[in-house]
Amino acid sequence: MENKTSGMNEGLHVNCSMSGRHGFIFTFIPVVYGCNFVIGIIGNSMVVAVIYRYMKLKTVANVFVFNLAISDLTFLITLPLWATFTAMGYHWPFGTFLCKASAGLVIFNLYTSIFFLTALSIDRYLAIVHPVRSRRQRTLFYANLTCVLIWLFALLLSAPTALSRDAYDIGNSTLCAVWHRSEHINLLVTLSVLKSVLGFIVPFLVIITCYCLIGRALLDSRGLLRKSVRSREDETLRMIAATVLAFFVCWAPHQAFHFIELLATLGVVENCQTLDVIDTAMPFTICISYFNSCVNPILYGFVGHNFRKNLLRI
């Protein structure tokens, strides 16, 4: 088995030469990437500025949100490269280093985003369900330590993606691709499974469990909380719940097609017509998933009263 897959997705199967190559993709997708880049850079820069200047890094939740915004910014700087790559008909003119770095940052952002959202959910669970018992653990020291561990773990998980990418010349084009040789198939399958399990399924099970336990605890103690405390907790919960829901909506379609593409990697799907459907859909699912990096600041503005109030002070 020997074929190449290219781009941010593992798609674009070169042994089916026209798979996923359509004019409307080369026109529409770069425009969407450009919009995501502008909105995301402005929005996440505002989040960083508001938290750092006005809200300060004085709460555990703010530490996690601040790091989430930094993660989104590191990914967003790669979007102009991917937009150019797609606009040029899947031709990569930027060399091997940027190919590896950009592909790695895509997966790095996937892991850091879901891990920071999971940390936020666990923090809210501890704060609401076990407020006294968790006081020693819910400190800025442990929050910053958790962030460092998340960055390092995400770097470890995304490193194989960066290392496996390379710039390959095929005819008159250069692809930012991974070469699917038969001896590498186990590595590729392992990376795909890790992306789905650690980058989506397990964190969401943890998040859903946290919110179910939080919901039950709030219902049990609703009448015991002061109105001001209840209002503050409700606002934080709404912001985190909206952010988690946005992540699910944005990433679920890509994860579904990623699973189908895994079947293609294993040779379960070999028909070029089916591969064309996969490789045509993949760029659109990627657009939706990357929209998540610019929707978070919008959610903070609409849902978070304190954030909105401090934003107006800039």
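Glycine too: its Cβ is placed from the backbone N, Cα and C atoms.
Just so you know, TrEMBL annotations never went through curation; they're auto-generated.
Within its own chain, the transmembrane segment (24-52) has Cβ neighbours under 8 Å at 62, 65-66, 69-70, 72-73, 76-77, 79-80, 82-84, 86-89, 280, 283-284, 287, 290-291, 293-294, 296-298, 300, 307, 310-311, 314, counting only residues six or more beyond its boundaries. Residues or ranges marked as transmembrane segment in TrEMBL: 24-52 (among others).
The annotation domain 'G-protein coupled receptors family 1 profile' is assigned in TrEMBL to 43-300.
The transmembrane segment annotation in TrEMBL covers 64-85 (among others).
Tertiary proximity for the transmembrane segment (105-127) is limited to same-chain residues at least six positions away from its ends with a CB under 8 Å from its CB atoms, namely 8, 60-61, 64-65, 67-68, 71-72, 74-75, 78, 134, 137-138, 143, 146-147, 150-151, 153-155, 157-158, 161-162, 195, 198-200, 203-204, 206-207, 210-211, 213-214, 236-237, 240, 243-244, 247, 251, 292-293. Sequence annotations record features per position, and here TrEMBL assigns transmembrane segment to 105-127 (among others).
Look at TrEMBL and you will find 139-159 (among others) tagged as transmembrane segment.
Distant neighbours of the transmembrane segment (197-219): 107, 110-111, 114-115, 117-118, 121-122, 124-125, 128-129, 157, 233, 237, 241, 244, 248, 251-252, 255; these residues of the same chain sit at least 6 beyond its ends, with a Cβ under 8 Å from one of its Cβ atoms. According to TrEMBL, the transmembrane segment annotation covers 197-219 (among others).
Under the heading transmembrane segment, TrEMBL lists 240-260 (among others). Residues of the same chain lying 6 or more positions beyond the ends of the transmembrane segment (240-260) and with a Cβ under 8 Å from any Cβ of it are 9-10, 61, 110, 113-114, 117, 120-121, 124, 192, 195-196, 200, 204, 207, 211, 269, 278, 281-282, 285-286, 288-292, 295-296, 299-300, 303.
Summarising the annotation, TrEMBL assigns transmembrane segment to 280-303 (among others).
Summed and averaged per residue, pLDDT over the domain 'G-protein coupled receptors family 1 profile' (43-300) gives 85.
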